[in-house]
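K.L.:
The structure follows.
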Amino acid sequence: MKIFFLLILCVVTILSDSTKWSNQRSNNNDSTTEEKIERGYQLLKEEAHAADTKAFLLKLHDVEQGRETELDQQYANFLDDMKRFLEIEFNDVKQMGDAIATINKKSHVDTALYQGDIMLTKEQGEQIIKDIEQSNRNRLKRQAYHHMSFPTRLWSDGVSYTFHNASDVAIEAFRRAVEIWQNVTCIRFTENSTAVDKIVLINGTGCWSELGKIGGNQSLSLGDGCEEVGTAVHEIGHALGFFHTHSRYDRDDFISIQWRNVEKEWKTQFDKENNKTNNNYGLTYDYGSVMHYGARSGTKNGRPTMLPLKDMKYILTIGSDVLAFYDMMMMNLHYGCLGNNMARNTSIISSYHFFISFSNSLTIDRCGGVCSSKCANGGIPHPRNCSKCLCPSGYAGDLCTERPSTGCGATLTANSTEQTLTVTMGDNKSPILKDEFDVCHYWLQVHRCSYDGQDFRSQLLSLKGPTNSRIIVFIVGYWGITAEGCKYGGVEIKVGEDKRTTGYRICSKKYARVTLTSKHSTVPVMVFNRYRNTTVTLRYRTGTILICAKKL
C-alpha cells in the first residue's frame, strides 16, 4: 500500500514538474514572439501606422494563445502528400528569396506586419480583435475568424500615386503593375504628387502595403528583393482593398493549414474572414490568385503550411505572381465596373477574401448588359470597352473565341492516336531574369469532321475513361527552374469544367508524369518562361473513338 501511494506521489510530482516546464517553455516562446515583433517594429517605426500594427499584433498574440494544432488523424491524412512535396528540389533564384513571405522574413519584418505584408491602422486592428473575441465565445476550437465592417475605403475617384526614395527598378515594376490593373478594370491610376490622398511608393524594409484607401499619404514598400512586377501587383491589390485569398472565410474547404509546420509567430497570421460580412460576389476560390501565398509560407521546418484539399496537383499553382482572371473579375465587381446585372448574376458560387463590403452606390452599369451574352469561354464584358470581352487565360479575341497569338504556339488536333508535343523556351546561355513571362499558347482540340466545306457532326463513342472525357493529356516531363507558384517558368494546362479558374501549373519533375482528362473539347496549354530554360513534353489523345456522321 505504501509502495502504491509512493508511486502515485511520484507520478503527480512528475506531472507537476512537466507542467511547470511546459509553462516555462511557453513563456520563453512568448518572449521570443514579442522580441521578434519588436525587432520588426524597429525597422518600420518611422511609418505612420507601424505602432498601431505592433499594438494589434501583440494583442492578437494574447488573444490567440492556446490555438489548437490539427488532430493527429488529420495530419496523418496528408503524410503521403507531405512526403512527395519534400522530394521537390526548389531553386533559389534571388538572394533575398523568391516569395514575399521569404523576403520579409529575411528582412525581419514579417512578424511586424499583419498576414506577413499588411500595415494596419488602429481602427482596423481594433475591429479585427473585437471580431475574434466575439467569435471565440461561440466556438469549441480556437480557429480565428474576422471581418472588416469599416467605413468604405474604395478609391472611388481613382488612385493617385507618387514616388519617394524608391529605386528605379522598383518604380518601373510599380508602373507596370499599375498598367496591368488599369488595363483589366475601370480603376483610373494617375501619377500626382500633389493629391491629398495617394499611394507613396517607398524603398522601405521588405514588401508591404496599407489596406484599402486610408486617406492622406499611405505607403507601399518595394524594398530590397521586392522590385518585381508580380510583387507590385500583389501589394497594389492590398492597397485597393484585398486581403489574401488563403484568408477568405471558406478557405478550409479548399486548403488545409498544416499547423504543425507553422512558425509560432505565424499562427495568428492565418486568421480567416467571417462569413457574415465577407462579400465574395459568388466567385470561387482560385489557387492561382496573385493574392495567394505559396505552400511554404510561415514554415518552421521547410515543410508546407498549406496544402490544396481539392486536388494536390494544384500544389505549385498556389503562390503565383500572375494576376488571375478571378482576381480581375473580383476587383471589377468590387469597384462597380461591370454593372448591376453582372454583380447580381455571377454564376460561379463560393467566395473570395477581401476588405470592403460592396457599395451599391458605386455600381455603374457601364455595359448595360449589351455584350455580356456574347462573351464565350467564361469571358465578361471588358470594363473599358463594352464591345469586347475580358477573357480568361488561354482565350483571346473580341469574344474570347480565339487562341492568343503571342508569336509561338499552335492549334493541334487530337484524335485517338497518341501524339507528342515538346516545347522549349528561354536561353541557358544568357540567363537574364525577365520582368514578365514569354508565353507560347497551344490549343489541343478534338478532331472536327468536314467534307467539301460542309461541317459534319462528330459522334463520340467512349473508348477509355469516363463518358464525358474529351482529351487526355499526359505530362511526360518538365525540365527547368522549380519555384512556388512557378514564378520562373512552367506549363499551365486547363482541363477543368470552369474555364475561368487557373489551370494546373507544373514546374517540377516530381509533379510531372500525371494524366489529366479534360471536361471540354478544347484544352488550352500555356508554356511560360522568364528565366533560363523551360522544356515541357506532353502526350495527348482523345478519350473516344470519333465517327463522322452527316450533320442533322
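Cβ from N, Cα, C; glycine included.
TrEMBL annotations: computationally assigned, not manually curated.
What TrEMBL records for this protein is below:
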type	residues	note
ACT_SITE	GLU235	active site
BINDING	HIS234, HIS238, HIS244	Zn(2+) binding site
DOMAIN	138-338	domain 'Peptidase M12A'
SIGNAL	1-18	signal peptide
K.L.:
From the Cα of HIS244 (Zn(2+) binding site) across to the Cα of the residue listed as 'active site', what is the distance in angstrom?
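P.N.:
The residue listed as 'active site' and HIS244 (Zn(2+) binding site) have their Cα atoms 10 Å apart.
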K.L.:
Enumerate the residues of the same chain, HIS234, HIS238, HIS244 excluded, that satisfy the criterion Cβ within 8 A of the mean position of the Cβ atoms of the recorded Zn(2+) site; list them in sequence order.
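P.N.:
Nearby residues not in the site list: ILE100, GLN115, ASP117, ILE118, SER209, GLU235, GLY237, PHE242, PHE243, VAL290, MET291.
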K.L.:
What is the total of other Cβ atoms whose distance to the Cβ of HIS234 (Zn(2+) binding site) is within 10 Å?
P.N.:
27
K.L.:
Taking DSSP three-state, what's HIS238 (Zn(2+) binding site) in: helix, strand or coil?
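P.N.:
Assignment for HIS238 (Zn(2+) binding site) reads helix.
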K.L.:
With every protein chain in view, what's the tally of Cβ atoms within 10 Å of the Cβ of HIS244 (Zn(2+) binding site), excluding that atom itself?
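P.N.:
Cβ-Cβ neighbours of HIS244 (Zn(2+) binding site) within 10 Å number 24.
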K.L.:
Should HIS244 (Zn(2+) binding site) be counted as helix, strand, or coil on the basis of DSSP?
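P.N.:
Once the DSSP labels are grouped into three classes, HIS244 (Zn(2+) binding site) ends up as coil.
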